[in-house]
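As written in Swiss-Prot, here are the features:
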BINDING   S57, T58, R59, T60, Q84, R108, H135, P136, T137, Q138, C274, L275, R320  carbamoyl phosphate binding site
BINDING   N168, D232, S236, M237  L-ornithine binding site
Amino acid sequence: MSFNLRNRSLLTVQDYTPREFRYLLDLARDLKRAKYARTEQEHLKGKEICLIFEKTSTRTRCAFEVACSDQGANVTYLDPSGSQIGHKESFKDTARVLGRMYDAIEYRGSAQKGVETLAKYAGVPVYNGLTDEYHPTQMIADVMTMREHSDKPIAEIKYAYVGDTRSNMGHSLLIVGCLLGMDVRICGPRSLWPSEEYMKIAKVLQQASGARLLVTEDPREAVKDVDFIHTDVWVSMGEPKEVWRERIKLLTPYQVNQDLMKATGNPQTKFMHCLPAFHDTETTLGKQIAEDYGMDNGLEVTNDVFESEANVAFEQAENRLHTIKALLVATLGD
C-alpha cells in the first residue's frame, strides 16, 4: 500500500491527511472496478467486525455488511435493543470487552464522545458511522461521487451545502472541502450556521489547503457556478411539532427546487443528498409533512429535482459501499 493506514480509526472528517483521504478515494475506485468486473480479491478473511447501531440506518448498515461479505469478513450487528452500551454498561467497559473479541468496531449513534471513548479503550480500529457532530464515512462517498461526475481535479470542484448547516452533514461538508482544497459554499439562515468550533477547524484546514470558503445566508450567491448542490433533511422523528414548524418556516427559502438549480448558471450542476429525502408524499412522514405544512412537492428538495437527471444521490448511496470497503481494507487488510 502507498500509505499505511493499518489499525487507524476514523472518528472525524479531519482524522486523515489530504493525501491519505485521496488514497482512500483511489482505493475505493479500484475496489469498485474490481466488483463490477468480478475480479475482487478478499483482503479481510477471518476478520470479525462489530457494528453498533444506536441509531437505525439503511445505507450505513448495508454498506458495512456487504463490504465485509465481499472481503471475507464476519459481521455482528447490534441494534438499539441489542446492546447495553451507555445504559447498563459504559462506553469504556463496552470497548474493553468488544476489543478483545473483534478486529474493528463501527458505531452509529448520537454522542461523538461515545465513539471517541470506544476508540480510546478498544485497542482496535473504530469507525464513526454517524454522530450528531460528524458523518465521516459519508464524506468519502460524497467526494468520490463528485469526482466521478466531474472532469475537474478535486481542488477545482465547487459545491454548495444548503439548509441546516449546523448538522453533522453541514459540519462534515464544511470540513472535508477545506481539507481537500475545494470551493465550498455553506448556506443557511444565520441562526443555523456551524458553531465557531467547527469554523475554526475549517479555517485552519483552509489555510493549509488553499480552499475557497463562503458562508452565506443567500442561496443564490451560494450556488452560483457550482458543480454540485448538497442538502439534507430538515426535521427528525421524535422532535416536537413546534420545532418542525419553526424550522420549516426558517428553511423554506433554502429548498432545492428548479429555480435554485437554474440559479447556478450551470446546466450540468448535479444534486446530492445522503438520503433518505422527503421529496414526495409516498412515505408516512412525507405525507404528514404535506398535510401539516402544505409542502406537497417535497421538503428540502422538490420532487421534480429529485426525479431529474441532475440527481446523483443513488450513485452517492452506492459509493457508501465502495468507500467503506476501502476504509476496511486500508485499516485491516492483509
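Backbone N, Cα and C atoms are what each Cβ position is placed from, and that goes for glycine too.
Taking the binding-site residues S57, T137, N168 in turn, the residue surrounded by the fewest other Cβ atoms inside 10 Å of its Cβ turns out to be S57. N168 (L-ornithine binding site) sits 6 Å from H135 (carbamoyl phosphate binding site), taking the Cα positions as reference.
Measuring Cα to Cα from D232 (L-ornithine binding site), the binding-site residues that fall within 10 Å are C274, out of S57, T137, C274, R320. Residue pair R320 (carbamoyl phosphate binding site) / S236 (L-ornithine binding site) shows a Cα separation of 22 Å. Comparing the binding-site residues H135, S236, C274, R320 on other C-beta atoms within 10 angstroms of each C-beta gives the minimum for S236. Cβ neighbour count for D232 (L-ornithine binding site) (all protein chains, 10 Å cutoff from its Cβ): 24.
Other Cβ atoms within 10 Å of the Cβ of R59 (carbamoyl phosphate binding site), summed over all protein chains shown, number 20.
The DSSP secondary structure for T137 (carbamoyl phosphate binding site) is helix. The CA atom of H135 (carbamoyl phosphate binding site) is located 16 Å away from the CA atom of S236 (L-ornithine binding site). Rounded to a whole number, the distance between the Cα atoms of S236 (L-ornithine binding site) and R59 (carbamoyl phosphate binding site) is 17 Å.
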